[in-house]
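These features come from Swiss-Prot:
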DOMAIN    9-107  domain 'Rieske'
BINDING   49, 51, 70, 73  [2Fe-2S] cluster binding site
């Protein structure tokens, strides 16, 4: 490890430290830090939110003077414990080492391990024209020609992602399947269905089931649901983080984890003849913010909008005006963050991608109109304004010749656009086959027995948390589904009460389209299908993000689905065993009463 001095305070500055929170900036680097003093004890950290790198300021609501608030998303950090308190029970802040030197100066130190990509370094060799070519297919899918090898990133080329919420914005080149079949290896960054697309992989597996696919060794396996998917792939390789994987004498790659979501998200460095290509994909803080500088090509997401917040929320502050202003502000923050990241890393070329999706199903017209995305050209213009980085806004089928661009960025053959008349944007989507799969779950025998509710949430395994959730099945327009289920779950003791308990408790209402929620329940899928796919409408009181709850249902559900076969056998043996739910609505907001009769 190397030790880096981040900040040095003089004896006078040390003597003037006040009890509680102290903010400092290193004027030479422009970096900000927080020191917390409790009598003789000092703790310190970077003034950077772990979520998306926002700056902390004093939390005026904290009378004890121990917490700071992020200016981006209002996350709160208790600096006395270095634990985040909003969202509750979520992350811990990385602490810095505090030392006094022989001159009574206070030093803030960071211990840095060596960068794994610097091990066994290679000097860049000159590339022949056409030797390295990067072709954009759609969304996050790139086709890389690296000498005599071909590598593909994140192939989502047909069908929806996140149940039925996302559809491709760009029309993939007509030869996309041939390109996949010709690949020597495929990298899939994480398990979200706009990167791990089973409809796409099913097409590929029909012709090349043994194609080598590489994924990182995440806590939640990328292919956790492979057996249930029915897709026959026989050559999936799970590789450790931070270690070069040699493909041939000229080509190697290294997978790195995300600093915010290490349990599921990854990014990749591909190196050919010493030239690095960095693809940070969807990582919030790729590799904890430590990334190679001056790579040949960097690509990352840019668009925003990959969340149900705030479009799917209502009640309280969530007016249309508030949502519109929030979305506008957040998109601008994301643009500035990406531009700053590119400026700091100084790649020769930057490409915004992994944000080209659209909410094209007619039932999601509101989301499509509300959930505005960043314009890649606006980001590229911002980057060019502040740096000498070359930018590339890709179009389906466009090819970047890395050798040409590195030698002469003005070379007219450096980027070959698709032929004139090529269809760029999709104007039709084959909805029906995918909606039929979802609709098949609605009439499944499981849901004739309302005891499925207890069975499912017991299987899910989330409990001992003070939260009450009301789950309501709805139609396309989020009106109550005729004959659908409407019930309470108390996660403190995992009970299903008739009405909300009298104790103080946070409360959420989750309205879910019946086809998607039943498909998710039946197959034991993660709730990203619901939340990121815009298939819910939510209300919460108080307005707090319950990280433990959402993180569990979005990433920590069991790896195998509920045993519904056994469940149905028990139902047959025990008679109806059905909990009958009826809803008596009161005039009190969020105080809906339930009549529950156990007929077992």
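Positions of Cβ are set from backbone N, Cα and C atoms, glycine also.
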Quick one: of 70, 73, which of the binding-site residues has the smallest count of other CB atoms within 10 A? 73
Residue 73 ([2Fe-2S] cluster binding site) - helix vs strand vs coil (DSSP): coil
Across the domain 'Rieske' (9-107), the model's average pLDDT, rounded to a whole number, is 94
Quick check: with 49, 51, 70, 73 left out, which same-chain residues have Cβ atoms within 8 Å of the centroid of the [2Fe-2S] cluster site Cβ atoms? 50, 52, 53, 54, 71, 72, 74, 75
Counts by DSSP class (helix H/G/I, strand E/B, coil) across the domain 'Rieske' (9-107): 5 helix, 44 strand, 50 coil
